[in-house]
Ligand SMILES: *[C@@H]1O[C@H](CO)[C@@H](O)[C@H](O)[C@H]1NC(C)=O
Ligand SMILES: *[C@@H]1O[C@H](CO)[C@@H](O)[C@H](O)[C@H]1NC(C)=O
């Protein structure tokens with residue numbers, strides 16, 4: 001019986017897929033992230049040459065002080081100004097204006113730049129609009145660089161871990177199909193050529209055949225219609241573990257994160273997102289395994305009882321994830 005060896009391969013694949021956070025490189029802020037980070041630092045700043053109390057996007061298109069400041073920021077912290085095209089597009093839509101090019105700061109000397117006031121998240125205070133050029137401090141800029149980097153990282157993981165659910169079951173079904181093919185192949189070979197290695201016998205006796213808790217219920221089903229209970233339990237345990245790992249790993253939280261200052265809020269927001277996405281990813285599986293005539297029954301030859309068991313467990317996990325998602329979001333906005 002090869003199915004045990006195949007399932008350990010599946011296990012390795014799944015773990016590799018879900019748990020690569022340790023391999024993730026340290027944040028490198030460059031390119032688009034850099035351009036965006038500069039912009040984000042200015043979000044709470046108002047300039048006096050923009051109309052009063054307009055949205056940030058409007059200030060972006062109307063305030064020359066802002067436009068010079070952000071170009072300077074790009075000049076100092078980024079290798080290239082990567083954001084002009086998108087902002088230019090937005091300005092076209094908002095008021096038909098064009099976002100100026102880098103030339104807007106051509107007249108500034110190094111001495112001018114040294115004189116420019118630096119700001120961070122709290123200082124100077126934002127009571128009055130500023131009538132001068134402003135530059136984010138290095139530390140504040142770095143904070144936003146890290147924030148955007150972490151944000152992108154977490155969202156990538158949301159996406160991959162959502163897919164991990166479907167991939168896990170695709171591997172399980174693939175193992176089932178292969179196993180079935182091997183059994184048929186084995187049965188067709190002449191008796192003298194059949195291999196009956198000792199490990200095979202051990203696996204058959206200890207892993208495949210027995211019921212999960214030692215009861216002899218496997219005999220009730222007979223044949224190959226039902227996935228043996230111990231394999232079923234192992235598969236489900238592995239799936240539960242993957243769900244836990246995928247909900248717990250793949251985040252980058254830190255004090256001072258731009259969108260959510262406290263780590264508690266970051267956890268609420270991103271764990272809620274993650275569980276919501278994984279729950280959503282589990283829904284098609286609940287539906288697939290719950291159908292009496294489904295394509296996976298046909299592929300693997302395992303009976304409806306097996307899939308009904310999978311159906312229930314995927315359903316329980318998805319429900320639990322949906323609850324965590326809702327509670328997390330509720331706690332975040334309260
Ligand atoms: C902004 O968009 C306009 C119209 O699409 C274009 O003519 C102009 O060159 C653009 N400016 C920059 C800086 O890309
Ligand atoms: C912001 O800058 C002020 C003045 O330079 C400094 O006292 C303060 O600690 C800074 N705040 C943060 C959060 O870095």
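Placement of Cβ uses the backbone N, Cα and C atoms for every residue, glycine included.
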- If you check TrEMBL, which stretch out of 255-273, 274-292 is marked transmembrane segment? 274-292
- transmembrane segment range according to TrEMBL, out of 160-183, 184-207, 208-231: 160-183
- Item | Listed range which TrEMBL flags as transmembrane segment, given the options 129-149, 234-254 | 234-254
- Message: Do any residues, 6 or more residues outside the transmembrane segment (313-333), come within under 8 Å Cβ-to-Cβ of it, and if so which ones?
- Response: 236, 239-240, 243, 247, 265, 268-269, 271-273, 275-276, 278-279, 282-283, 285-286, 289-290
- Helix-strand-coil residue split for the domain 'Ferric oxidoreductase' (275-331), DSSP-based: 50 helix, 0 strand, 7 coil
- Please average pLDDT over the domain 'Ferric oxidoreductase' (275-331) for the predicted structure. 94
